[in-house]
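> If you scroll down you'll find the structure; I have some questions about it.
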């Protein structure tokens, strides 16, 4: 039975079995009009079958929304996040987390357009994605009704789901009858898997779980060398060829895929309170992360760089926890973006059997002044004797502490 | 001419040409008794030749101090730092920085023992090491006189140094007559190089600069799989074999060396204000860093882990800048050590052609509770419906903000 | 109807009308044995009436626990928190927040002793206290059942509560029949009020809401001057008289009360997501806070002090949000406590009509070395010329940035 | 003898004895043309006498620059800093620190205009001001020559200074012959004093040191109630009267002066490494600080507010240390300014005998929603049952930790 009354709901719809079941469940449980939204974020699936499926399930053509969001996704979400060098818990490049706010935003936009009073998603009740979707919904439309079927329905097992599907004439692909050995999320930035065969963190992830990268051991024996150009903190060209955001990331993914780059086996701390083990593949993102650090290393001042580093864990946590549309994330973004004005130039990287190795960087805005480091005096003079005073004053408080200790006989 | 009067000086003496010149320069400039201190920190050089050389240069036997500090170095400096997952500027494992405080401490101990009023080191006036040595000296003996010959003397070129050496009967190895193509620092944790051939950051580091690692491309075609055991945050065994701190790190270095692990080409920001380009090899440390993160991932609580991550950049900066013996480093260490009580267990890693891949972790103290992640209820129950309330309250302030926007028509 | 089965519940019981209603409601709803726990945290009420009341309501004598926790409260909760100079949102001294964990801890201890499987508290469903109590319970006894009557029952108005009380023979004081014009929380550290007459934040708090302090305008016309002695960060004596923790804080409260000190009218952000307006009176705590900063100012090193200041907001937030028994609070406490070793000495304060003015401080461990600041050379020499080098190196990166700008014609 | 060659120097010139001596010393020591810059920052002195004095000392009229900077100072320096609620070491409102960058900037602008190659200031070699001036100079004109006479000359005593003045026909006011009992800095934000009679931090500051405030004890017996209006984080009106930045701050100073507000007796940690004791009077700033916190309390979201609070100590430290013109200060400013969009509204304050008491606040953009806090449901619904889920998930990791402890028998 429905917990709330709704008239029209915008469902994040993939066209797969699970969201098709949700679609039907919404219709039968809430008796409401269902609007489907299917987005291309680079997950690597055709969108037209989703339209067919929705029509088959009785959705009116004007209620079917399909959109290619790849450029918007990369330009307005992925790149801003990479300006921050964001890594959750030191390692995870936030590939799933960063896609959710955009989907939420589009659902709300459609809800406003079609006059829907509710939105729904297919995330489960134990994960982070429910939080990310719903914080996005509420931040953009505070009076929206949120339906999270996995938290509401009483379908408790695969069998029950299949039975529901059969009872409602939802087509079931053969390989979907049994339980999947792991669940997958994918977009242009990454693919991730979790569950079942991955649940014992002491056991290696089986090779068949990976879908986006070669095993490093079967990657080419010759390294690939590439050059990435940056403009104000964002990549704009590979090997001299200018590309749009989505094309550029796709190209990096391809280069990473071949060379077995970007696999991550991680036990992470979910916002909802438990640890989980996931497998991530972020081939292009892994290259981009190191490339961005590389161009920053010569164009960013120390004070700016260290401030960014200190704030990065908090920024990453906010995105992981679903607070993209929060004042504090926007404040941090303002701080980060402010730092990127001169993060322009080129880095050279060697990709080899799972590794990304930065081998060169240059920029018209470089702060690395060779004259300063050699013994000849550079444009900005460095006098060795200044170092003595610098050290003496930095030491002053430590000497005072030591004097106290001495006086006390400690 | 000497800037200050000193009676007896303890010199950090390697036995090489440069510190031998310093030794003689101290004698002739300050007219003072010179005490030499030569330490084995795992730099890979014999110590006895340093004794011979010192004797040859007129140092009295009782003024020659030679000590094997490898275990103390790893146990009391390297391991505590690795408990923090410290990386300077996101990447550098602080191999040079962490050795300086120990050398400084030993020089001061010797100074107290022999009644010396001064200490001297061979670091140049443009680098970080002068700061690290001297902050250490002053923090431990506030009234000590510090002599930094490279900042004081008027030997301005390689030729002048060689001339000084010849004038004072200092033996000169043939390959030391010309200027070295790069300078090297080494200890059990790492080797680093900088200067000359490395000064153009757009050019790849030549392979001959590396001394501790195979080129990943020539590393074995089969991966090496190892298990590392941790006890309260520190590694204690490899593949089931218990080892002391120095032996364990040496073993990891060997495993890393073979598999081409731990090379880093970095442009970093020095404390003294300029950027410099360095090449680091930290084979064992690179493995250890990821292994430690791995064992923490299942044994450390989220609140503890995130607090550590947020403070890590500051902690790393303190060590990089030479503030090991400062109250704030000690306070952070107390915080970090407090977190490591249950960081005990074992991780499995695959080493392959420059890459370290964590493939498993287990612990008697694991907080990863498989029951919590599967749909069955675990020992600590998780109710899906709780997630709804959790999200609603987390969203409350975002909804209030959105209401304000709406009310304002924004 | 009861949501869960419980056999025995330990209730935080004040003896007042509300918790008496809860007591009876627990008996009738859960059909369980009720154990009452009444603590003296300095709220200023007799405890014996609570025993009488409990007996009257049918609680067996062996199920009535009454404890004087004043010294434990101040020594193990208030003082450690004041070592951190904790203020939530820049102003609030956390008087309510800090009492909750101790009550929770005692309830759990009693539950373990009497074999109770549940605990209950009288905090409402919109406040922070429910969170603080329950996080404490769960952190100390993970399998405990928590009953929060205000979130469970269907007593929706004052009339219904009174009707329930009458129906169950609970004595009702005359002035408790109507709704209170504001609600109060009190302990040895503070009294706070919120609700009803305080709800419009544009209106001044009526004077009758204050119970612990004179109106500054009616406070004495002559200031009171006092001296507070500290030992390792904690106050130990006033005007030369040694006192235990609770007595000392009580004495400061008295001094503050007379002089109208420690009133705070605040709109704060609750953990549960909304803003609320509260009135706080923390007479002794306000004095103590400034006194502690004063003794730290001469005994704490800059590096230590600034690290503490940077972490204070997070520490305060943890306590406010109820995470006293969390690893991250304990880690921060370890860091803070580490800093207090030499925070020993004496401060002199002037109390006058609502204000606390620090007018002097001295310590055998002072780091304020008068010789350093005057022109004569002190024990730790300061050479003016060192300042030039210090500035030059600190300026180096700024000059490099300026050179870049110049080169770019910006 | 001059350390460097300079042709023309821009001197920060007050017209007082000390900077007049410096003026003459620059002429005689460097043989260079001296350009004087005298600014009105609200220090409370006439500027025309400085012109006369400069002319008398032989400065050409076109080399005398006098400027009223009061509005620029308050609008572009004081107000941005107060948006951050900046307090150094928890208490100091940075009145001296914030004036230095503006003076430095103007000196550099004049240097560019008149083609000067050097700048000079009258700050001593033991204080922070030399750092603040010089970091400003270098950040804006990297190739400038900086002359700091107090670090360079050999005038070692008051007698020598007076002798130098007499030898060079510099007029000496009678009361300037002897050494001042303390030194003073003043501008529109504050007055500060340090040195001599203030050097013993155990002794109360004598009343005659204060120049900007009444002693609270002699302040009026009736409180003054005022309303301050804010627009996007900055104050724009008092008691309904719109005022420009300088006039508004002057008005607050007057209100504060009368009511004895803003005295601070502080031992602080200087950037150059030692502790010093200072006396500050910041009457208007003290009112403004609390007023700004008050308007933020109802208009700023919790996430934004807490982020600001966490970063405030670092921001304040940057300003104290002289890094106003640094990328990291500008990044933090971008973050802070981003938060102030809706910090608009009005606060009511009571000023009384040294105290500032916030008694009311209101805003068209208030986030304080009375409906949320009362038991009726507000525009954004709050369901008590949500709190249960919120607490359960927040407790999950704590329960898991407790389970581990239990399992281990700890």
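Cβ from N, Cα, C; glycine included.
Take a look at what TrEMBL says about it:
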| type | residues | note |
| --- | --- | --- |
| DOMAIN | A:8-171 | domain 'Arginosuccinate synthase-like N-terminal' |
| BINDING | A:12, A:13, A:14, A:15, A:16, A:17, A:18, A:19, A:20, A:39, A:122 | ATP binding site |
| BINDING | A:92, A:97, A:128, A:132, A:183, A:192, A:268, A:280 | L-citrulline binding site |
| BINDING | A:124, A:128, A:129 | L-aspartate binding site |
| DOMAIN | A:182-399 | domain 'Arginosuccinate synthase C-terminal' |
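Could you give the neighbours, burial and distances for every feature on this list?
Within 10 Å of the Cβ of residue A:14 (ATP binding site) there are 20 other Cβ atoms, across all protein chains.
In sequence order, A:88, A:89, A:92, A:275, A:276, A:277, A:278 are the residues of the chain that are 6 or more apart from residue A:268 (L-citrulline binding site) and have a CB within less than 8 Å of its CB. The secondary structure of residue A:268 (L-citrulline binding site), as reduced to three states from DSSP, is extended strand.
Listed in sequence order, A:96, A:97, A:270, A:271, A:272, A:320, A:321, A:322 are the same-chain residues at least 6 apart in sequence whose CB falls under 8 Å from the CB of residue A:128 (L-citrulline binding site).
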> Greatest CA-CA distance (Å) over the residues A:92, A:97, A:128, A:132, A:183, A:192, A:268, A:280 that the record ties to L-citrulline?
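Roughly 18 Å, rounded to the nearest whole number.
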> C-alpha of residue A:20 (ATP binding site) to C-alpha of residue A:192 (L-citrulline binding site): distance in Å?
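Cα-Cα distance, residue A:20 (ATP binding site) to residue A:192 (L-citrulline binding site): 22 Å.
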> For the binding-site residues listed here (A:16, A:122), which one has the lowest count of neighbouring CB atoms within 10 Å of its own CB?
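Lowest Cβ count within 10 Å among the binding-site residues (A:16, A:122) is A:16.
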> Per 10 Å Cβ neighbour count, which of the binding-site residues A:18, A:129 ranks highest?
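Top count of Cβ atoms within 10 Å goes to A:129.
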> So which other residues, same chain and not among A:124, A:128, A:129, have a Cβ within 8 Å of the centroid of the Cβ atoms at the L-aspartate site?
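Surrounding the site, in chain order, are A:123, A:126, A:127, A:130, A:131, A:132, A:272.
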> Within 10 angstroms of the C-beta of residue A:12 (ATP binding site), what count of other C-beta atoms is obtained when all protein chains are considered?
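Its Cβ shell of radius 10 Å holds 21 other Cβ atoms.
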> Going by a 10 angstroms cut-off between Cβ atoms, which of the binding-site residues A:97, A:183 has the sparsest surroundings?
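Each of the binding-site residues A:97, A:183 was scored by Cβ atoms within 10 Å; lowest is A:183.
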> Could you list the residues of the same chain, at least six apart in sequence, whose Cβ is under 8 A from the Cβ of residue A:132 (L-citrulline binding site)?
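Residues satisfying the criterion: A:97, A:100, A:101, A:104, A:321, A:322, A:324.
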> Give me the Cα-Cα distance between residue A:183 (L-citrulline binding site) and residue A:124 (L-aspartate binding site), rounded to a whole Å.
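Their Cα atoms are separated by 11 Å.
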> If you count CB neighbours within 10 Å, which one among the binding-site residues A:92, A:280 has the smallest count?
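Counting other Cβ atoms within 10 Å of each of the binding-site residues A:92, A:280, the minimum falls on A:92.
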> In whole Å, how far is residue A:14 (ATP binding site) from residue A:124 (L-aspartate binding site) when you measure between their Cα atoms?
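The Cα atom of residue A:124 (L-aspartate binding site) is 15 Å away from the Cα atom of residue A:14 (ATP binding site).
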> Could you check what DSSP calls residue A:132 (L-citrulline binding site) once collapsed to helix, strand or coil?
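Reduced to three states, the DSSP call for residue A:132 (L-citrulline binding site) is helix.
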> Could you state the whole-number distance in Å separating the C-alpha atoms of residue A:122 (ATP binding site) and residue A:280 (L-citrulline binding site)?
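That comes out at 20 Å between the alpha carbons.
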